[in-house]
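Accompanying notes for the structure given below.
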Amino acid sequence: MPSPTIGVFALQGDVREHLVALRSLGVDAIAVRRPVELDACDGLVLPGGESTTMAKLARTFELLEPLRERIRQGMPAFGTCAGMILLADRLEDGAPGQETLGGLDITVRRNAFGRQVDSFEGDLDFDGFDAPVHAVFIRAPWVEAVGPGVETLATVPSGPAVGRIVAVRQGQLMATSFHPEVGTDHRVHGTFVDLVRQAR
Ligand SMILES: NC(=O)CC[C@H](N)C(=O)O
């Protein structure tokens, strides 16, 4: 079977790092700015960035409803940081009127880690991996609550936020609070690529 095409939402956010990570895993990775580009995708990454800006731009560029529709139809999607916010059905501390795409039955708290530990890194256990993942958090959200169909893939191992959920999966949707595209360990993207291959 030919390799899948995985898009990276590219109206705002750290697009390039995701394209590099996906290409290193042997998939065709394309930047998605228009509905026709979305049509070509078997799966989509929603990168980190600024979630309110991303949602506004998606609406302006007429990508918001097509994205919602594809997610409803079962397209695999992977949100990192701001992308996790976009995939959440419910937000805490969202901006007034902030829209999401939804799909994941989770409540996400935006900018959850607060000013003290605004941005930080640490190793955490990730479901199914032998060795921990080095996770980079940048003004990150956490998952405040999960619905019954949602698996927790990783939690914060220590410190003031110990036990907070920072990676989840529900069916063909995945999200992490942290930035797995930073650095050269692409195992988390690998998990998503497997999901896209299975969904095809
Ligand atoms: N690194 C990130 O993606 C930060 C997310 C950002 N704080 C937001 O609310 O959209």
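Cβ from N, Cα, C; glycine included.
All TrEMBL annotations are machine predictions without curation.
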Site co-member for L-glutamine according to TrEMBL, given Gly49, Glu50, Ser51, Ile138, Arg139, out of Arg23, Arg72, Arg110, Arg164:
Arg110
Can you tell me which of the binding-site residues Glu50, Ser51, Ile138, Arg139 is spatially closest to Glu181 (active site, charge relay system)? Compare CA atoms only.
Ile138
Hey, for the L-glutamine site built from Gly49, Glu50, Ser51, Arg110, Ile138, Arg139, who else sits with CB inside 8 A of the CB center?
Gly48, Cys81, Ala82, Ile85, Asn111, Ala140, Pro141
Can you tell which of Cys81, Ile138 has the least company, meaning the fewest other C-beta atoms within 10 angstroms of its C-beta, among these recorded positions?
Ile138
Highest CB neighbour count within 10 A among the recorded positions Glu50, Glu181?
Glu181
